[in-house]
Amino acid sequence: MDHYDLVVIGSGPAGQKAAIAAAKLGKRAAVVERRDMVGGVCINTGTVPSKTMREAVLYLTGLSQRELYGQSYRLKSDITVTDLSARTQHVVAKEIDVIQSQLTRNRVALLIGNARFTGPNEIAVDGPDGERKVVTADHVVIAVGTRPARPSTVEFDGATIVDSDQILGMDHVPQSMVVVGAGVIGIEYASMFAALGTKVTVVEKRPHMLDFCDREIIEALQYQLRERGVTFRFSESVKTVEKHPQGTLTILESGKKIPAGCVLYSAGRQGVTDELGVEEAGLTGNDRGRLEVNEFFQTEVDHIYAVGDVIGFPALAATSMEQGRRAAYHAFGEPIGNGTGIQPIGIYSIPEVSYVGKTEEELTEDTVPFEVGVARYRELARGAIMGDSYGMLKLLVHAHDRTLLGVHVFGSNAAELVHIGQTVMGCGGTVDYLVDAVFNYPTLAEGYKVAALDAVNKMRAISRVTGESNGHELGAH
Ligand SMILES: Cc1cc2nc3c(=O)[nH]c(=O)nc-3n(C[C@H](O)[C@H](O)[C@H](O)COP(=O)(O)OP(=O)(O)OC[C@H]3O[C@@H](n4cnc5c(N)ncnc54)[C@H](O)[C@@H]3O)c2cc1C
Ligand SMILES: NC(=O)c1ccc[n+]([C@@H]2O[C@H](COP(=O)([O-])OP(=O)(O)OC[C@H]3O[C@@H](n4cnc5c(N)ncnc54)[C@H](O)[C@@H]3O)[C@@H](O)[C@H]2O)c1
């Protein structure tokens with residue numbers, strides 16, 4: 001029986017980083033992963049394939065060039081699933097190779113099979129050939145992730161009624177599609193298919209979508225999606241989804257029926273703890289298959305950690321990686337560092353959305369006085385060059401101490417741009433840093449300076465009325 005300092009279950013972003021962090025500390029580490037799933041949901045069915053498909057959609061449809069070359073501009077008129085999947089398969093294969101070689105060169109053992117606890121320090125790995133291997137470990141990291149929720153009232157067939165794992169295997173681009181759930185997954189795919197020309201209807205049981213984001217930004221996204229023919233049905237719950245010879249029928253609790261060529265059911269995900277035998281280790285998952293952890297990612301059994309999507313919010317690749325590293329460091333007594341706790345969110349809809357820090361709604365609720373500074377891409381030379389007239393960058397600035405409280409970006413490169421604001425926030429910087437900074441021209445980053453000046457001008461207008469200096473030498477700007 002092999003013994004390890006650390007056994008990690010799951011090779012997604014959380015598991016990989018936990019294992020490699022342990023190996024870098026000189027520990028003997030192993031990762032258990034199912035056949036054909038090295039890299040986890042992230043590489044095989046989630047983040048990487050969906051983001052690669054998005055790039056293929058943007059490129060082949062010529063969507064981002066249409067402001068410049070006309071609304072009929074297309075690189076290819078009849079885009080097929082083969083066109084879209086070629087790029088995805090290439091990128092996924094490359095990423096799997098990168099992960100495998102990282103594990104190998106760090107001497108992390110990769111055990112292929114289904115892991116199951118047989119005791120608090122003992123794990124059985126059932127290999128694809130039916131062989132069972134049992135390993136023991138001083139520490140265990142559970143990084144098993146999630147799978148799509150699949151209610152029995154939905155007739156999934158993997159072809160016309162699909163979840164987000166199956167959508168990548170669809171054999172044609174449908175003429176019409178219902179997307180159930182306006183979460184991040186639903187909206188990202190809705191915008192990709194709308195860009196491909198599919199008539200998309202989104203059904204969401206809540207009155208709004210993506211309500212953790214800034215309202216103004218989500219209104220802008222909704223407007224753009226409606227322009228591409230997306231219909232939203234908010235405050236409507238899906239009861240059943242039926243498969244018929246002529247297509248699918250989505251039946252709402254309100255009695256409405258929506259016919260479509262295809263249905264994407266993306267109404268949440270479930271932790272994959274049910275086949276893990278967690279009770280053998282003294283643990284219990286909640287009703288969504290999730291595990292509870294403390295600030296160090298320890299479960300109720302001290303030497304067993306849980307990280308990544310299986311512990312719930314925010315359930316992102318970047319946070320999962322960091323949780324994995326932190327769990328391994330804690331297990332082996334390595335100082336962790338406190339981090340800034342500032343977590344960016346990137347939503348790869350078309351157009352994309354990204355933010356860091358607080359929203360206007362949160363600040364208002366917390367009665368924090370703030371000023372808003374906005375830069376519109378259409379007023380930035382780079383926006384005109386790129387053909388993005390709808391994008392915007394919004395800064396939320398504390399009205400008294402002038403620190404950045406939130407950065408919200410909508411439009412091209414939003415998920416990259418947000419990191420400038422994140423860095424200023426992480427270093428405790430104020431809006432004045434951005435006012436005084438010089439950015440390359442023409443860039444979208446220049447939007448930070450434009451938005452900062454906008455915020456400072458509004459703050460100056462208030463000071464003029466009140467006659468107060470607002471704690472800052474305003475004459476300079
Ligand atoms: C469609 C989609 C798009 C996404 N897009 C983004 C994005 O753009 N940005 C972002 O940050 N996040 C995105 N996410 C979320 C991101 O993929 C997850 O946050 C991330 O993959 C979680 O990593 P993880 O390590 O917790 O688990 P996972 O990546 O889920 O990996 C868990 C692994 O554990 C394995 N496993 C489970 N049980 C066992 C067992 N008993 N034995 C052995 N192995 C087991 C599984 O096979 C799986 O490979 C997206 C998710 C989806 C579904
Ligand atoms: N860019 C990114 O960072 C990214 C991209 C994709 C996914 N993810 C992660 O993946 C996870 C899962 O995403 P998701 O979108 O599947 O889940 P989710 O839970 O975020 O959203 C599901 C949505 O479906 C709605 N819903 C549930 N049942 C319904 C019904 N019967 N009828 C109508 N609507 C219904 C819910 O109200 C909710 O808004 C998220 O935690 C997200 O963070 C991240």
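The backbone N, Cα and C atoms fix where each Cβ goes, glycine too.
Annotations in TrEMBL come from automatic prediction, not curation.
Keep in mind that what you see is a predicted model, and the values were worked out from it rather than measured.
As written in TrEMBL, here are the features:
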- 4-324: domain 'FAD/NAD(P)-binding' (DOMAIN)
- Lys51, Asp309: FAD binding site (BINDING)
- Gly181, Ala182, Gly183, Val184, Ile185, Gly186, Ile187, Glu188, Glu204, Gly268: NAD(+) binding site (BINDING)
- 344-451: domain 'Pyridine nucleotide-disulphide oxidoreductase dimerisation' (DOMAIN)
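Local packing around the binding-site residues Glu204, Asp309 was summarised as the count of other Cβ atoms within 10 Å of each Cβ; on this measure the leading residue is Asp309.
In this structure, Ile185, Asp309 are the binding-site residues from Gly181, Gly183, Ile185, Glu204, Asp309 whose C-beta falls under 6 Å of some atom of ligand 1. Listed in chain order, the residues near the NAD(+) site other than Gly181, Ala182, Gly183, Val184, Ile185, Gly186, Ile187, Glu188, Glu204, Gly268 are Val179, Ala190, Met209, Leu210, Ser266, Ala267, each with its Cβ within 8 Å of the site Cβ centroid.
Among the binding-site residues listed (Lys51, Gly183, Ile187, Glu204, Asp309), Gly183, Glu204 have a CB atom closer than 6 Å to some atom of ligand 2, in sequence order.
Cα-Cα distance from Gly183 (NAD(+) binding site) to Asp309 (FAD binding site): 15 Å (rounded to the nearest whole number). With a 10 A radius on its CB, Gly183 (NAD(+) binding site) counts 19 other CB atoms from all the protein chains.
In this record, NAD(+) is bound by Gly181, Ala182, Gly183, Val184, Ile185, Gly186, Ile187, Glu188, Glu204, Gly268; the longest C-alpha to C-alpha distance in that set is 14 Å. Classification of Ile185 (NAD(+) binding site) by DSSP places it within a helix. A straight line from the CA of Lys51 (FAD binding site) to the CA of Ile185 (NAD(+) binding site) spans 11 Å. Looking only at the binding-site residues Ile185, Ile187, the densest Cβ neighbourhood within 10 Å occurs at Ile187. Neighbour counts were taken at the CB atom with a 10 A radius for the binding-site residues Lys51, Gly181; the maximum falls on Gly181. Here the Cα atom of Ile185 (NAD(+) binding site) is found 14 Å from that of Asp309 (FAD binding site).
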